[in-house]
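Engineer: Before I ask anything, let me first share the structure, which is written out below as structure tokens.
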Amino acid sequence: MIFVLDVGNTNAVLGVFEEGELRQHWRMETDRHKTEDEYGMLVKQLLEHEGLSFEDVKGIIVSSVVPPIMFALERMCEKYFKIKPLVVGPGIKTGLNIKYENPREVGADRIVNAVAGIHLYGSPLIIVDFGTATTYCYINEEKHYMGGVITPGIMISAEALYSRAAKLPRIEITKPGSVIGKNTVSAMQSGILYGYVGQVEGIVKRMKEEAKQEPKVIATGGLAKLISEESNVIDIVDPFLTLKGLYMLYERNANLQHEKGE
């Protein structure tokens, strides 16, 4: 059984794969202040709830865009699982040809998504990941990672309205009853949702025009389903794209180590 861990700025998503299939997954808040023991006890409870234990896990891979949290997570893996985790970063074999000016600037989550997207859906491809930031990644027909777009995430936009406008409340991100809001909350919900749908459609349209291609558009992340239901440019929603990519990278690198006799 392989344990995969995707750490974002707001949430961390954990999963366990068995024989190539995602058996279970969990989502928890990213907490930069938790210790290795606190993370260990939390993961222990999650596993035990599914009838699993640390001993069932034979390998671990971690992707993180939050560097301060990595020490605690690596120590947790070594202390409780007795396994040194594979970390997505320099030295890991991704198989990606990255055309960024500085490939090291490409976030681990974007690399993992690209690996999974190419394997599952082919190319050319646009991957939209609705996280703390919303990222758009373009992979051309030759399976080269060409770059993309980064925008503030939906929750950041909603929180900015709440924190910077004294009379506007904090809202739930959900579809309002109508585009034309009849009260402050529904007007804000309409602005956030349909404003974001417009952003997605506009950026995807411009990316396609610049690439002179008609790539398939894959959406992932917590709010992908909500946005896709209102948009006409998203072809597939894959909520577990990142976890699948982590598993693929683990298998690829574990096989390479085995071939080298490590």
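Note that Cβ sites are derived from N, Cα and C of the backbone, with glycine treated the same way.
Pulled these features from Swiss-Prot for this protein:
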- D6, V7, G8, N9, T10, N11, A12, V13, T132: ATP binding site (BINDING)
- Y100, G107, A108, D109, R110, T184: substrate binding site (BINDING)
- D109: active site, proton acceptor (ACT_SITE)
- D129: K(+) binding site (BINDING)
Engineer: Check T10 (ATP binding site) against DSSP and tell me helix, strand or coil, would you?
Structural biologist: coil
Engineer: Show me the subset of D6, T10, A12, D129, T132 whose Cα is within 10 Å of A108 (substrate binding site); these are the binding-site residues I mean.
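Structural biologist: So far as Cα distances go, the binding-site residues lying within 10 Å of A108 (substrate binding site) are D6.
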Engineer: Taking the Cβ of D129 (K(+) binding site) as the centre, count every other Cβ atom within 10 Å, in any protein chain shown.
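Structural biologist: Step by step: centre on the Cβ of D129 (K(+) binding site), count other Cβ atoms within 10 Å, giving 26.
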Engineer: Do me a favour and check the Cα-Cα span between T132 (ATP binding site) and T184 (substrate binding site); whole Å is fine.
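Structural biologist: T132 (ATP binding site) to T184 (substrate binding site), Cα-Cα distance: 24 Å.
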Engineer: Widest Cα span across the ATP binders D6, V7, G8, N9, T10, N11, A12, V13, T132, in Å?
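Structural biologist: Greatest Cα-Cα span of the listed binding residues: 13 Å.
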Engineer: What is the number of other Cβ atoms found within 10 Å of the Cβ of A108 (substrate binding site)?
Structural biologist: 22
